[in-house]
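A.B. asks: If you look up TrEMBL, you'll see B:41-61, B:103-129, B:136-157, B:163-183, B:218-249, B:269-294 marked as transmembrane segment. According to TrEMBL, the feature domain 'ABC transmembrane type-1' maps to B:104-291. The annotation region 'Disordered' is assigned in TrEMBL to B:323-345. What TrEMBL lists as compositional bias 'Polar residues' is B:330-345.
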Amino acid sequence: MRFFLRRTAFYAFTAWAAITINFFLPRMMKGDPVSAYLQKNQGRISPEAIDSLRTLFGLDSNKSMLEQYIDYWQLLFSGDLGRSFSKGLAPVTDVIASAIPWTVGLVGIATVVSFVVGTAIGAFIGWRRGSRADGIVPVATFFSTVPYFWMGLIAIAIFSTTLGWFPASHAYDKGSQPSFTLEFAGQVIQHGFLPALTLVIGSLGGWILGMRNMMITVLDEDYVTVAQAKGLRPSRVLVNYAARNASLPQLSSFAMSLGFIVGGTLVMELVFSYPGAGKLLLDATTAKDYPLMQGLFLVITLAVLVANILADVAYAILDPRTRQMEA
Amino acid sequence: MTFPNPVATAVPALLPGRTRQRTALSRLGQTFAMFRNGKSLAGLSILGVFVLIAIFGDWIAPYGPLEKDFTALRQPPSWVHWLGTTHMGEDVLSQIIYGTRGVLVVGFTAGVIATVIAVAIGVTAGYVTGWRSESLSALTNVFLVIPGLPLIIIIASQYENPSLLLISSVLAITGWAWGGRVLRAQTMSLRNRDFIQAARANGEPLYRIIAVEMLPNLTAIIASSFVGTVIAAVLGLTTLAFIGVIPITNLNWGTILFWAQQNGAFPDFWWWYVPAGLCIALLGMALSLINFGIDEYVNPRLRSAGERARAMRKKGFVLSDTATAVRPRPSTSTDPGVTHAGTKQ
């Protein structure tokens, strides 16, 4: 129980810190682009929307910082993140909601595939240490140090411009409407394959190396020797004895790496013009659309937090020691 | 006449001096022992080449980075322009040589700042106990969870012309947490070792315990977290430059790719975008190799695993084979007939 409480306290604290950073970000900005925008479009924004923007961006000079902070929390709890300047004053929450499924779908699948495949390959290389399989290590290192965006551009140059196998941009064909038909699903897969592939290749190396190093350390433990001496099948020793224990640090670095993954996909979405949250953030940055930038940063941070919680739960299921700490 | 005498007396006086020098040298050698393996040396040599290019760029580069030659636009590699030219007739090789400096300066500045923060917070969090340790650890975890790149983009977009120091600082602030976490864990395990307890019992002051007793045992981890941050900073910098958040006046490899993409270099003008990307990958590879070497120094099992497995295989055992293997033909009578396949030596 103590373990559980401590984790909850940590997540509550992190969420508070992220939201507070988000509160101070626009207040640190030089100049005041928001009020300039509001003045330019005085007649077109509803008074309520102006009110919420004032609170979000600290334009209310009458109120003290503390009052602004409390107002800000109230707005967040009512689900109001302001209006997006660049998207025709649509509510920020709606704009983000339309982009999130694309990112979560693409990145989620790519990340899980990369983690599973990378860990499996790493376990195998660690198991067959000293064999020719070790040759995968330098190749994997190379691909993990190649910048994401460059690999994406090269992939487009080869597979879509030259060979024409995959479309180079967007999530589905131009002119078609998102729907739950087989044809549309086919388009989504065709458009998503290349971005997902580059994401997987780019992040695979880290998982392979981490798992290999852990496997080599774990395989030297006495319980592995005992398991082999008992005459257990090699596959059983590999999976249930060595890999199970070696994969625990992988899980915690999986949680930790999610922040980096979000950063990587941001660039990937730029390169492939994929209509996800990362592309949205970059567009918002170029358009100086502060409400949208702020809202996106908040949503991305909270998403990483949620993923961390899930990884924690998985860790507790796999590793009895963390549960024993409760007793 | 009295010449021999001072010499004779000087020799014994010199000897301890010489041995002292030798111990100082060997101590220096011990400090760098983590780099004394093939992988680290290979990484350090590649890094050294890049450093030399960065320092002597002005002399090496055949042209100025922005020197335009309108008679040679988008030329493929030739003897005049080894890596071809851009849409403005600029020499790609010269741009890459000059760009090395921007990448390395920002990478190492960010690495130094991040390492200082990581050591200060990580070691303190590991040494103190109770709520102080917990709160520093919570701070580290918050920085780990907050996604760095989106934050950097938002901060960098606030400035019209961010300086190199500002870019490095932002990269460092979002990149120190991992090192801080590892250092905290290692310090916590060191704190209760006998030699630290002894130092404390001797009444050594806190700064001495940390600086003299602990830091030498943390050098490998500090070095590896430094190298890790430099890798992240180099990738972060080039990514930011490619996105166009960093002003184009700061020439680095990411800026080259930014220009290449803006001016339709993909996919036909490969000489414009391939070298810059390969340079980033090569630098990252060199830094990773240094880190592999440090990893093997810290965890000797990693170093010897392959060799031991090969040695066993030569004797006829397959490590990952079924549990017990009976030797087909015992070569000597002293050898045990049955051995465990997984037996360690």
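Even glycines carry a Cβ here, placed using N, Cα and C.
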A.B. asks: Can you work out which residues elsewhere in the same chain, 6+ from the ends of the transmembrane segment (B:269-294), have a Cβ less than 8 Å from its Cβ atoms?
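C.D. replies: Tertiary neighbours of the transmembrane segment (B:269-294) are 34-35, 37-44, 46-47, 50, 74, 76-77, 83-84, 86, 92-93, 96, 99-100, 103, 220, 223-224, 227-228, 230-231, 234-235, 238, 253-254, 256-257, 260-261.
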A.B. asks: Top stretch among B:41-61, B:136-157, B:163-183, B:218-249 for CB pairs under 8 A with the transmembrane segment (B:103-129)?
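C.D. replies: Result: B:163-183.
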A.B. asks: Report, as numbers and ranges, every residue of the chain located at least six residues beyond the transmembrane segment (B:218-249) whose Cβ falls under 8 Å of a Cβ in that stretch; write 'none' if there are none.
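C.D. replies: For the transmembrane segment (B:218-249), the list is 31, 34, 102-103, 106-108, 110-112, 114-115, 118-119, 123, 148-149, 152-153, 156-157, 160-162, 167-168, 171-172, 174-176, 178-179, 182-183, 186-187, 190, 255, 257-259, 261, 280, 283-284, 287-288, 290-291, 294-295, 297-298.
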A.B. asks: Checking distant contacts: for the transmembrane segment (B:41-61), what same-chain residues at least six beyond its ends satisfy Cβ-Cβ under 8 A?
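C.D. replies: Beyond its ends, the transmembrane segment (B:41-61) has Cβ neighbours at 35, 91, 93-94, 97-98, 100-101, 104-105, 282-283, 285-293.
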A.B. asks: Same chain only, please: residues at least 6 beyond the ends of the transmembrane segment (B:163-183) with a C-beta under 8 Å from a C-beta of the stretch. Say none if there are none.
C.D. replies: 102, 105-106, 109-115, 117-119, 121-123, 125-126, 137, 140-141, 143-144, 146, 148-149, 151-152, 155-156, 218, 221-222, 225-226, 228-229, 232-233, 236-237, 240, 246, 250
